[in-house]
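Engineer: These came from TrEMBL, pasted as-is:
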BINDING   B:GLY19, B:PRO20, B:VAL21, B:GLY22, B:THR23, B:GLY24, B:LYS25, B:SER26  GTP binding site
COMPBIAS  B:230-239  compositional bias 'Basic and acidic residues'
COMPBIAS  B:247-259  compositional bias 'Basic and acidic residues'
DOMAIN    B:16-189  domain 'CobW/HypB/UreG nucleotide-binding'
REGION    B:214-259  region 'Disordered'
Amino acid sequence: MSAELVALMLADARLPTGSHTQSAGLEAAVRDGLADDGRRLADVARYARDRLRTVVRVEAGAAVVARHLVLTGRDPLEVVVHWAARTPSPALREIAGRTGRGYLRLAERVWPAVLRHLPRDTETPRPVVLGVIGAVCGLDAAQVARLTAYDDAQSVVAASLKLLPVDPAAATGWLVDLHPDIEACATAVAGLTEPGDVPACGAPVVELLAERHAVERMRLFHG
Amino acid sequence: MAETAAPPATRALRLGVAGPVGTGKSSLIATLCRALADELELGVVTNDIYTDEDARFLRSEGVLDPDRIRAVETGACPHTAIRDDVTPNLIAVETLEADVAAGGAPLDVVLVESGGDNLTATFSPALVDAQLFVLDVAGGGDVARKGGPGIARADLLVVNKTDLAPYVGVDVERMVADAEAARDGRPVLALSRTAPDAVARLAEWVRTQLGAHRAGTHTPVDPGPMAPHSHADGTDHGHGHGHGHGHGHDEAHEHPHAH
């Protein structure tokens, strides 16, 4: 199995895991005034960058640690309580569980070794599922961290095309400009091994907006 | 295992309702619930553009326990949600089935309503066992002639709102004949929610699908992508025109339409 090919597959929005329903919180942020109804589009890239410095480090850190736990014969679910303690918004945890379940259902069909470490078809947080897939498919820690960080930034950028008057090529330019931030996020967490080491760097505004979004009636995106 | 290709015969029949926006999908589902709620355990999963508009409509109609109506977000991709990546819908359907079964009376039928998209959107066979495609006379008498995978090969084509025909200048019989010609004998049903006979035929079609599903004789048919479509032996399958129900699955065995 080529770890690089698996990483490419996991980064591909065409992978059937339900990722088209996710905006990485952008829909709620736009409703709250981010990008000023399209008059300040640079906000989108700044929002993605701010996530890479906060909530995404929690996610990427949990994914890296889950991978390490599998490879050292421990239970990857050990990291869940540590991830949850650093993700105070129940709405964000629910989103992570729903998206994790999507990956887990796919893994059951295509990477069934994942089920040696996780219970099938459960709301297991997405970073934990990604870490376990990474472990059984041979991804290294930096690949798992980079994948988690890239996927979050790409979710923001792709959702902006649905929510704001954005030129798709310009949006891709934002993503390219975010590469240093993605790498910095990956580097910051790639060496983690213990559940207690997952960074505690949430973003209260992101969490507050996620809570509001969860009870919003007119939603395009789940999260 | 989540092997969708060989579902257990004991679970609910999953029935997709597709068709362009405004053709009456939600109203058709409400009508079906009214007609069948006394004899079957029903549930609904909606896929509206904005989360729960259709779900709210159905709840407000009071035809089902509100907890049996679930809404799925589609990320502005209603086409993807029923076709390329059915994960959120499948989770919603399975969760609904499990929740209702835990209450003691398992669901008989889950109706999955697509977000009103366009003429090319059809359900994946990984999500539904059978699907009906809804057009309406107000959308224009020529739509059935235009064809497309849903019009040509859904298990049932509904020509809805026939009561409006005199007001929009559409000849219903002609529109149904055009649809039948495009469908190579598969059933077409002219429907108005105010026409008891037509509603009864729709309910009977659902009962027939459910019977075939339970008997294990139903094979999901994939309407497939927009593609040129012809039969060398088309004239062999002209039977059943105008019945409006009952033989969709038999046709399926004769025309597997593998994609």
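Placed from the backbone N, Cα and C atoms, the Cβ positions cover glycine too.
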Engineer: What are the other residues, in sequence order, whose C-beta lies within 8 angstroms of the center of the C-beta atoms of B:GLY19, B:PRO20, B:VAL21, B:GLY22, B:THR23, B:GLY24, B:LYS25, B:SER26 at the GTP site?
Structural biologist: B:GLY116, B:VAL134, B:ASP136, B:ASN160
Engineer: Three states by DSSP: which one describes B:LYS25 (GTP binding site)?
Structural biologist: helix
Engineer: Using a 10 angstroms cut-off on Cβ to Cβ distances, just flag whichever of B:GLY19, B:PRO20, B:GLY22, B:GLY24 is the loneliest among these binding-site residues.
Structural biologist: B:GLY22
Engineer: Which ones in the same chain are close to B:VAL21 (GTP binding site), with CB under 8 Å and 6+ residues apart in sequence?
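Structural biologist: Long-range Cβ contacts: B:GLY115, B:GLY116, B:ASP117.
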Engineer: Taking only the residues in the domain 'CobW/HypB/UreG nucleotide-binding' (B:16-189), give me the average pLDDT of this model.
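Structural biologist: Summing pLDDT over the domain 'CobW/HypB/UreG nucleotide-binding' (B:16-189) and dividing by its length gives 93.
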Engineer: Long-range neighbours only, meaning 6 or more apart in sequence with Cβ under 8 Å: which ones does B:SER26 (GTP binding site) have?
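Structural biologist: Result: B:THR46, B:ASP54, B:PHE57, B:LEU58, B:GLU113.
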Engineer: Give the residue from the binding-site residues B:THR23, B:LYS25 that has the most other Cβ atoms within 10 Å of its Cβ, counting over every protein chain displayed.
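Structural biologist: Going through B:THR23, B:LYS25 one by one, the largest Cβ count within 10 Å is at B:LYS25.
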Engineer: Name the secondary structure element type, per DSSP in three states, that contains B:GLY19 (GTP binding site).
Structural biologist: coil
